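Taken from TrEMBL as is:
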- 14-130: domain 'Response regulatory' (DOMAIN)
- D66: 4-aspartylphosphate (MOD_RES)
- 138-256: domain 'Response regulatory' (DOMAIN)
- D189: 4-aspartylphosphate (MOD_RES)
- 299-430: domain 'GGDEF' (DOMAIN)
Amino acid sequence: MSDPLSPGPSARDHVLVVEDSRSVAALLAGRIESELGLRTVAAGSRAQAREALAEYGGRFVAAVLDLHLPDAPDGEVVGDIVSQEALPALVLTAGIEDDLRDRLIRSGVCDYVVKTAPDAVETVLAGIRRIHRNQGVGVLVVDDSRTARAYLVELLSRWGYRCYQAGGGEDALKAVEQAQSRIRLVLCDQNMPGMDGETLIRRLRQHYPPQRLGIIGVSSHGSGILSARLLKAGANDFLTRPFLEEELSVRVNLNVDLLELLREAESNARCDPLTGLSNRRYLDELAEQLAETGRRTLQPLAAVVVDLDHFKAINDRVGHFGGDALLQAAADLLRRTVRRADVLVRAGGEEFYVVTLGLDSAGAAALGERIRSGIELLEVGHGGEDLAVTASVGVASLDGGSVEAVLEAADRAMYAAKEAGRNRVVSAADLAD
Ligand SMILES: Nc1nc2c(ncn2[C@@H]2O[C@H](COP(=O)(O)OP(=O)(O)OP(=O)(O)O)[C@@H](O)[C@H]2O)c(=O)[nH]1
């Protein structure tokens, strides 16, 4: 399943490092490449930065800029990169006095990093990681004022967010529904004619839980009670106008970081670490949806239960790591054999389930046989030996049945396959009641 928080396949993946100190440039480039998996292009001067932009322009996701270059001593390169190219930029400075900070933020850089700070490199890496991620993160700005929307969109674009706009509550609800998971965060003004922010937040929360959609309430009339009301209505966070540009970006970034962590935790909880397949928890969630679709569209629900044979003996003979390698190979074979829409899980130790729609008993038996013969043909190199394994497979297909019922029937068939001598497929349809 693709992760909406990671950038799409056409994402930009180069970072421009404009820095006249070769050692600093090399340190940054090395860490960006090894820790973020992005490519870097180094430029030691404004002229070289222009050449790099001409050559790689469309591939840059972000730039790291030194303010003082031999041919641009006063930050002129910021204008080239940020104003002309609209490239998200992090600026390296020697120090940060108030007037310099104001100038940098006004000129559109997303952040500044004091070079001598002990965590300077980490801050740059965290900034670039976020900008890269944000290519896949949609933020919906909801405000009846076009000027207010444009201001927020400009600030968010500095960090590479994909921005959507809505002038009112109804449009916002439609936009979130249509964009599906592409919109991950809503910035929502409280004071709007028609539907106010509080009502919009309540309506959004009826369909989208906080781990799926972040919401930040924004209002000019920030009173304690209003912020509490918006938070109680379901907002994750709250901003009172006027706010510093940095306060907005920090809150948005932190909220999106949190969504990302929740998503990661959710996906780890669903995933079996050895094979990368989903685990049983995922089966209960997704297979039930499949069963519902089957009942609605009058398609049979089929299940295939695959249990590797004599696995204890294999483990005892070749060791646990050899057993693990066989489990991984069997999981890969299953992944290659089932369709994308099928539900495939590692149900327990050496047992796998496939739940699929539209196969009758004969079709399910044919799928079971493809899996059985595929597993029998596997040869897994381990400790100088080719390991092999067989599987007993039970299949079942029910019209309008539940996931539990079809799996129970396929499981009984799998046990019958074991009893009949293993390495075979048995269909529940052939078992006596
Ligand atoms: N290597 C490895 N082995 C595992 C894993 N999970 C479960 N097993 C082993 O799988 C074996 C399953 O044994 P049994 O349930 O007795 O079944 P079996 O030996 O396959 O015998 P039959 O199913 O009757 O053919 C046990 O020895 C488990 O320790 C795992 O993640 N890795």
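Numbering starts at 1 and runs along the chain as it is shown here.
The backbone N, Cα and C atoms fix where each Cβ goes, and this holds for glycine too.
Since we're looking at a predicted model, the values are computed, not measured.
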Between the C-alpha atoms of D189 (4-aspartylphosphate) and D66 (4-aspartylphosphate), the distance in angstrom, to the nearest integer, is 37
Summarise the domain 'Response regulatory' (14-130) as counts of helix, strand and coil residues per DSSP.
58 helix, 28 strand, 31 coil
So what sits near D66 (4-aspartylphosphate) in its own chain, CB-to-CB under 8 Å and at least six residues off in sequence?
V18, E19, D20, S21, V24, V77, V91, L92
Secondary structure split (DSSP) over the domain 'GGDEF' (299-430) reads 62 helix, 38 strand, 32 coil
D189 (4-aspartylphosphate): tally of other CB atoms within 10 A of its CB:
24
Kindly report the helix/strand/coil residue split of the domain 'Response regulatory' (138-256) according to DSSP, in that order.
60 helix, 27 strand, 32 coil
Roughly where does the domain 'Response regulatory' (14-130) sit in mean pLDDT, to the nearest integer?
93
